[in-house]
Amino acid sequence: MKTYYEKDANVDLLQGKTVAVVGYGSQGHAQAQNLRDSGVEVVVGVRPGKSYEVAKADGFEVMSVSEAVRTAQVVQMLLPDEQQAHVYKAEIEENLREGQMLLFSHGFNIHFGQINPPSYVDVAMVAPKSPGHLVRRVFQEGNGVPALVAVHQDATGTALHVALAYAKGVGCTRAGVIETTFQEETETDLFGEQAVLCGGVTALVKAGFETLTEGGYRPEIAYFECLHELKLIVDLMYEGGLTNMRHSISDTAEFGDYVTGSRIVTDGTKKEMKRVLTEIQQGEFAKKWILENQAGRPTHNAMKKAEQNHGLEKVGAELREMMSWIHAPKELVKK
């Protein structure tokens, strides 16, 4: 595994260049501010609206996406996956110049062919492995979060060096930047989200909650046992792996882990995981998601509404009112 650190990157490669950060959401605001604090000239390309005003208030020169691309030598695409291809076609493609670098923090649109940059530009990825607020906070504390780096197209012969300079400007070389490919990052990221982090976990939590409530137990108790305490366990795994978690829980819980876990996640579950991975690798999920967006998201919106009305959500909202240490956001935001 090739990993790059501070000594392997030179942020001075960005001196005399302008970086255009396209999008000013969670990652956009963090990466733009970190780069600026590292002495890099940054402009923000967004359409008029809330993000435009926030970027202006943060002191950036804000302009249209097309103008930002014309101004910059390095263009970082930090829009949501489903918006990138349209914005690229409408505002970026015709403004690209020979020798520019087009950067991404997720490989979806390049890997699945939704964006096909011309051969005369560099195409690379710098993907911090943390949400934007953490990218910014850790940087301000003098540290950094790990990241992935990949080069899809090296027109200039310096794509990796410039990508590492960008990663250093964001603060990621302080922690370590791991070399990967667009294919590996995209396919593993989608699989992790679907099979484990989002799809797998939410299905497991709901199934546990439903099993207890259908067995006659009160929803409030089921919520605590199947959702609320999940954070306690995940934090232990996050800090020191499965061994640390098992060392920290009771012996009763640890024994139950060993003898019961494989009854829940069975060989059949793993076979289904492999099917999910194959669908991702073959582009079936990407095609489904692209078509879903083109159709106005009817399935997505219907499923989202149904999930929001699940009994788990109702009792959870009531119980969280008892928890003074939880500061629920006034509006849900994408991280």
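Placement of Cβ uses the backbone N, Cα and C atoms for every residue, glycine included.
Swiss-Prot names Tyr24, Gly25, Ser26, Gln27, Arg47, Ser51, Asp81, Glu82, Gln83, Gln84 as NADP(+) ligands; from the candidate set Gly113, Gly132, Gly142, Gly144, the record adds Gly132 to that same site.
With DSSP classes pooled into helix, strand and coil, the tally for the domain 'KARI C-terminal knotted' (181-326) is 122 helix, 0 strand, 24 coil.
The average per-residue pLDDT of the prediction over the domain 'KARI N-terminal Rossmann' (1-180) is 97, rounded to a whole number.
Secondary structure from DSSP puts Ser26 (NADP(+) binding site) in a helix. Distance from the CA of Asp81 (NADP(+) binding site) to the CA of Asp189 (Mg(2+) 1 binding site) is 13 Å. Here the C-alpha separation of Gly132 (NADP(+) binding site) and Ser250 (substrate binding site) works out to 35 Å.
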